[in-house]
Structure formats: structure tokens, C-alpha cells
Amino acid sequence: MLYTVLKKGAAQRVASTASKAASKKLSTTIEQVFVRRPPPNFALGLTTPAFGKPSNTDYGQALRQWLRYVEVFERRGIPAVSLPPLDQDCPDAVFVEDTCVLFKDNITGEDVAVVCENMARERRPEVETMKEALLKQGFDNDHRPFDRIGVVDGEGEMLDGGDVLKCPVSNKVYVGLSSRSNRSGVDKLASLLPNHEVIGVPVTKVLHLKSCITALPDGRIIGYDPLVDDVDFFGGANNYLSVPEEGGAHVVILDDKTLLVAASAPRTADILDKEGYDLEIVDIEQFEKLEGCVTCLSVRRR
Ligand SMILES: CN(C)C(=N)NCCC[C@H](N)C(=O)O
């Protein structure tokens with residue numbers, strides 16, 4: 001199911017919010033996305049013990065849901081770079097977000113790509129094709145090449161892209177200290193991003209930081225409290241919006257007034273609609289069965 005909620009009057013309210021934040025260099029426009037078709041064996045993907053194994057998965061449905069997800073970007077004129085499918089040994093290959101993190105340096109404007117070599121051991125075979133795409137990307141078309149590519153691959157360094165949340169209006173980068181990312185990985189990321197404030201955030205109740213919080217275009221954190229270790233960590237009620245369902249904690253910022261939200265979060269969609277946002281709603285139920293969410297299925301270059 002895919003529909004867009006178009007709001008007239010409310011858009012002006014969001015526009016005023018956006019203009020206030022504009023002075024803080026809103027980086028909400030997406031230049032391109034990287035995606036990868038789900039493999040037929042996607043149901044064999046990793047899940048945490050607390051989450052449990054998936055049931056009633058359906059590859060045909062997964063493929064249709066993935067195509068509709070990619071359509072949201074393409075319909076908005078955002079080019080989607082498709083990574084080569086990995087249909088044999090990488091059931092989690094559709095969750096490209098974990099393989100790298102892309103930044104535009106707040107001060108220099110440099111395009112920085114950080115490749116997460118040390119993700120979960122079972123998933124490391126996914127990284128090479130992402131790295132190749134990042135390197136190639138700069139020369140294939142008129143997109144500027146990445147100015148710098150760093151790698152989190154040192155002894156003991158662990159980092160998943162799903163743990164990295166950039167604030168759209170400041171130089172803050174929150175990184176989950178989860179089962180997939182550790183302090184050494186956070187420190188390595190900080191060393192690759194001298195003009196960002198990289199902040200480690202305890203994550204013990206879910207797989208990744210972005211399993212329980214993401215960010216809105218005005219810089220507020222949006223989160224599902226029962227899964228957040230410490231909601232006060234993000235600056236209190238002025239900077240944090242609680243949502244009533246897990247699927248509502250994950251939004252992809254499409255522009256400064258439009259959000260991509262999962263169909264599993266209808267009550268959150270109502271809240272965001274009343275906040276003045278336009279919404280693209282996408283059903284990703286097959287990927288939610290593998291602990292995925294709307295951010296996992298793409299890498300956004302802004
Ligand atoms: C924000 N999230 C949750 C992500 N970026 N990644 C989801 C990865 C799910 C996969 N089955 C795994 O366990 O690796």
C-alpha cells in the first residue's frame with residue numbers, strides 16, 4: 001500500500017520551521033540513494049535472540065515492497081544506484097544502510113564515505129560491493145566523487161551504519177553502542193569526521209540505535225520510549241518527540257517537510273501529519289520481520 005498525504009495549510013507551518021532551521025545548514029535534500037534488491041533467501045537473515053526468528057515471510061511480497069520503497073525516491077527525481085544482488089551467502093544484503101555511512105562535512109563541504117568493514121561477521125561479504133560502488137560512483141556520472149573514503153576496519157573496531165544517526169541541523173552524530181558497534185568503532189568514526197561531534201549512545205534494548213530513534217528535519221529526535229535506553233540523553237522534551245509505536249521511531253527525511261514512514265505506524269503518521277509534515281507511507285512488513293525498518297533499506301547521499 002502506498003499513498004502520500006498532501007496537506008496545504010500545514011505545509012506553511014513546516015516551511016516556517018524549516019526557515020528557522022535553514023540558518024543551521026539543513027542537509028535534508030537527498031542527491032542519490034544506494035539500494036540492493038533483497039535475495040530470495042532474505043528470510044535467513046540475522047535477528048537478535050530477543051526479537052526471534054521471522055515467520056510467514058514471502059519473497060514475492062518482499063520484492064514488491066522493496067520496489068515500492070525505491071519508487072518513492074525515483075518518483076521524487078532522486079537517482080537510485082542499485083548494488084549488485086548477492087543472492088547466495090548474504091540474506092541480509094537488502095539492508096545496505098549498515099555497510100557504510102555518508103557525510104557532507106559541515107565545515108569543508110567535503111563528501112565523506114565511511115565503509116563499515118567490521119560489521120557482523122556473517123554480513124562482511126556485503127561490504128566489498130558497497131565500497132566498489134562508492135569508489136566508482138564519482139566517475140560514472142556527473143556526481144562529484146567522494147572527497148574522502150575512510151574505513152572502520154581496525155583491530156576491535158566495530159560499526160554498523162544502522163547505529164549512526166546524523167542530526168540534520170547541527171554537527172552532532174549519535175552512534176549506538178550496541179551489539180554491532182563499540183567504543184573503538186565510535187572513536188574511529190570520530191577520527192574520520194574532525195568537524196562533527198560524534199557521541200556514543202548506549203543501546204541495549206534493540207538491534208541498532210536507529211531501531212528506536214531517528215531525527216526530524218528540525219533536528220528533534222523521534223523515538224519509541226520502551227526501546228530507548230535513556231530518552232533524556234537527547235536534550236529533553238524540547239528536542240525529543242515520543243511516538244506510540246515502534247515503527248514510528250524510524251523516519252527517512254525526504255526533504256525539509258516530507259518524511260518516509262512505514263505503514264506499521266499509522267498513529268505516528270497522524271502525529272507527524274498534525275505536525276505539518278507530508279508523508280510517504282510504505283509497507284515494509286517483510287523487512288520488519290527481519291528487524292529492518294525504513295532507514296535500513298537505503299544509503300542516502302545528501
Ligand atoms: C536501523 N536498522 C535496524 C538497520 N540499519 N539494520 C537492520 C539489519 C537487520 C538484519 N537482519 C541484521 O540483523 O543485520
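Any Cβ shown, glycine's included, is placed from N, Cα and C.
Now, the feature entries from TrEMBL:
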type: ACT_SITE; residues: His208; note: active site, proton donor
type: ACT_SITE; residues: Cys296; note: active site, nucleophile
* Asked: Measuring Cα to Cα, how many angstrom lie between Cys296 (active site, nucleophile) and the residue listed as 'active site, proton donor'?
  -> 10
* According to DSSP, which kind of secondary structure is Cys296 (active site, nucleophile) found in, if we only use helix, strand and coil? -> coil
